[in-house]
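A.B. asks: Just passing along the structure, written as structure tokens.
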Amino acid sequence: MSSHSSLIESSATAQLELLMRGDLFSVELTQAYLDSIASRDANVGAFLRVEKDRALAQAASVDKRRQSNKPLGKLAGLPVAVKDVLCDQDTITTCASRMLENFRAPYDSTVVAKLKAADAILIGRTNMDEFAMGGSTENSAFQITRNPWDLERAPGGSSGGAAACVAADMAPLSIGTDTGGSIRQPAGLCGVVGLKPTYGRVSRFGLVAFASSLDQVGPLARTSQDAALLLETIAGHDLRDATSLDRPVPAYSQSVAEPLAGVRIGLVREHFAEGLDSEVASAVRDAVAVYESLGATVKEISLPHSKHAVATYYVIAPCEASSNLARYDGVHYGHRTDEAEMLEELAAERKALEAAKDEVGLSRLDSSLVRMYRKSRSEGFGAEVKRRIMLGTYALSAGYYDAYYLKALKVRRLIRQDFDEAFREVDLIAGPVTAQTAFKIGEMVDDPLSMYLVDLYTVSANLAGIPGISLPCGFDKSGLPIGLQLLAPPLEEERLLRGAHMYEQATDWHQRRPEI
Amino acid sequence: MAITRSDVEKVSLLARLQFSDSELDRLTGELAQIVEYVDHLSEVPTEGIEPMAHAVEVHNVFVSDEVMPSLPRDKALANAPRHNDRAFLVPPVLG
Amino acid sequence: MSQLYTTVIGLEVHVQLATKSKLFCRCSTQFGAEPNTQTCSVCLGLPGSLPVMNRTAFDLSLKTAVALNCVIPKFTKWDRKQYYYPDLPKAYQISQYDLPMSSAGWLEISDEKGSFEPKRVRITRAHLEEDAGKSIHDEAAGKADSEIDLNRTGTPLLEIVSEPDLSSSAEAKAYLQELKLLLTHIGVSDCNMQEGSLRVDANINLHIDTPEGKIATPIVEIKNMNSFRAVERALDYEAPRQFRVWQETGQKIGEAPKQTRGWDDSAGVTRGQRSKEESSDYRYFPDPDLVPVLVTDDQVAEARKSLGELPADLRNRFVQEYGLSAYDASVIVNQGQGVTNYFEQVARESGDAKSACKWVTQDILRLLKDGEQEINAIGVSAANLAGMISAVNDGKLPKPRAKEAFELMLSTGSTAQQAIQELGIEQVDESALVELCRELLDKNPRVVADVQSGKVQAIGALIGQAKKLNPNVDPGRFREICLELAMESSSSE
């Protein structure tokens, strides 16, 4: 193969070293990835937009500054793909929704601003489930993303584009978001590393909200070393996000190579119950055996409320989403229905009701403003988004708040308490990311509840606010990647990364590549 | 708490969404299934448990009262579906 | 009309807090800017934007709540109140629902003219929330597009809700006046109704005595009242209207939904407003973007300390320290801090609180009303008025000419001393005055005789003559000396 392919198959950390030594120009590296996108993305569909010109200009600027010994940011010259849910000033941010097809934010999200300040090359915007709702990226209004390991299969989601572009070597690093598993699940299904930080570790400012109390931004990469590099770039306190944590950011990329001596690993009894694919189960058990061989002690633990996590999540997330997405009403930005058509439609309805002397119907007829809202929103949102808005609106409506939302908030605390309890006895919790490997595109589109249950092992971390990482730990008979999930107490991202790294050193799963 | 089609219709107005009859039928079934699933939460004993609205225990986050520049008006209106260079426009609110 | 019913009124007052920037972003709150020039990604509700709370807004709320004698809970949080309206860009208002930052306070009201008994009006709660923007509708409603201006969106408001403790429009007005006095006094709001920094909604119904016992009529909420006078008029209109409706329909509370009516000031009537049946389902839930606020006892104590003397304290002190009547103390304090400070300075520097009170409540207040000018802009400074009162008391300025001196000081800004010189007022020497008395008594034996026979008022006829001869004569002293001399001549006979 060309030197191109060995270049883009090397780790971001290795590329950065070459760049810093002056042995590689960012323009070269960026072009290599642009070429990779040009040849592969027609099949994969990971990118919604490739920022070719801007990326090359940025890369040229970095090269020029490096040559003249000007100070450079910590990712100087490295391409990074960004999920299309983080605002990037004056460019389009769609959230893979018709609603925001033409929306240009007049500001940078904090994460994008930090990437720019680090002189990362913003190579393009990746596909996702609309407004990050979904686990397959099939809910994108614009395109399907395919799993690089099997193009008939979904890459997972909602950060499906983010995972697929790394898996197919179309970007060395990418940014995803995780509300119920949306980084870890696609990372697991695509065979890459994905980390969901502690809630508050990375600023949410400029992240288009899905469920505000659960959303976190995090890195996807080929290795834990690369993920550490990206995490330390984007993490940190932000005065513009009241929920961001005012705590120093450790130098993750420095400490990641230190193994965790005598680490105590917990295996959750409830994770190995009915529904877990036997190949996934054995891959996870094998991974745990690897840890034991590295000096870890393993203990079975219980998270008794984990069986309620999906139900809790599917109350809290839709409730918050129904509120967060109320702003898309076609008044100040976003899609607005054709007003003339809408007024005609209303007039016709009124006429029909009047002819039928239907007083009740007339009294219930929408005002033109209400109809404008309803049509704009119904046209702008896809089916899954509407389903969740309906669910959340119902659960928050008069008479149901206590039974659903308040109840879910209480169970949420119980779930968190289970973790607090468990982390008194173990340092890390290990388990599967998903019960099955990648599923076929279209397999679950007509069965929302089954789709929701895919989040079984991942949602608890979001509810509890704790960090979690997904890393490759094997392949099933069909050659599909299997992910191992590690969970740690709040703000212990360093522990997660070191734990992942020591496993990578003992295995080579992360070095395998899909044939594409 | 079984969700009915009339509930779904009411909620669709609250949520400012509009569905066709067949969409309402399908949605009623889907939501009923999901609601039935989440109804299991009622079986979890939660007496004396404080609701957890935030994933982290952070309190008293403030910024100081200082004026910073606002967006230029053309930027503020740039994404509006309809505007007249000074205000956002909507169909008559009264009427 | 004999009292067929009692009126029950509760008021919801929204006051704009005196911050420079908005509640959740750093846009200016300055009134009167061009539409949509004071907005940003946060107050436009753009995707991805997040609110962060303005510290001053919270501090001012706390100060107000303490001044309103509220209970301050240790934990408070913010909730989203969800409804769709074009001037509400997020489609929810950040407000407080079940755990407001204060509750259970009170405000004492009274009327110096005694039209009602002093009473404590209970405050249900005061909570901090954001304002919405402004919709500008076409005059011919329903014809042209509505324009949306989001400058006001996100402005900090304190909503102060009273219990239904008010039983007349006069009480409602007194409550509003006292509230405005308090809030402006402690500097938390300018309470300018024209600029929308104080807005009032009223809830009103009637308790009617019937042979079957006391019944309550359905509650009506009145909106669109743009002045205290409008509140008074609207309530005066609404109570008898509800009584007529009750006579026609017999509807009791609970038998009809709560109605919202708008006050039409030019027509002098309230009119029913269209209500959407589902509009009240606000689907409140805790805002996940904002974190709770914990308030310590120390912070409450600090806020209390920062209040200083409140209007009610001032009234009490003026009665005790300066011997003013309760009426006069109220008249002064109710004018606000400017007049109150002015009075205190005059009283202290002249050492004559009674005269200070008289000049302030009569002459100064008349000036404020006439010219609608600020107390600080008045030509006679507090120091100069004090100097003038002292000059009178020291005999340097005859009392009858004080008014003249005051007018001069008012137009020129001069001191009492300068005015006295300008007017050519000189103190009349005692011996010259005795001489003048003798001369006039001698010329008017009739007056002397009248005085001797007990008609002392006859002296009055001489005062005018004396003033013609010497305008600086102090009529009081002149009278005293004349009487003395007349009686002397009587006893010597």
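Positions of Cβ are set from backbone N, Cα and C atoms, glycine also.
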A.B. asks: Pick from A:28-55, A:336-363, A:420-447: which range does TrEMBL record as coiled coil?
C.D. replies: A:336-363
A.B. asks: Sorry to bug you, but what's the C-alpha spacing from A:LYS83 (active site, charge relay system) to A:SER182 (active site, acyl-ester intermediate), rounded to the closest Å?
C.D. replies: 11
A.B. asks: Per 10 Å Cβ neighbour count, which of the active-site residues A:SER158, A:SER182 ranks highest?
C.D. replies: A:SER182
A.B. asks: By a Cβ-Cβ criterion of under 8 Å, what residues six or more beyond either terminus of the coiled coil (A:336-363) are in contact with it?
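C.D. replies: Distal contacts: 330, 371-372, 375-376, 379.
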A.B. asks: Could you tell me which three-state DSSP class A:SER158 (active site, charge relay system) falls into?
C.D. replies: coil
A.B. asks: List the Cα distance (Å, whole number) between A:SER158 (active site, charge relay system) and A:LYS83 (active site, charge relay system).
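C.D. replies: Rounded to the nearest whole number, the Cα-Cα distance is 10 Å.
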A.B. asks: Kindly assign A:LYS83 (active site, charge relay system) to one of the three DSSP-derived states: helix, strand or coil.
C.D. replies: strand
A.B. asks: Near the Cβ of A:LYS83 (active site, charge relay system), how many other Cβ atoms are there if near means within 10 Å?
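C.D. replies: So the Cβ neighbour count for A:LYS83 (active site, charge relay system) comes to 32.
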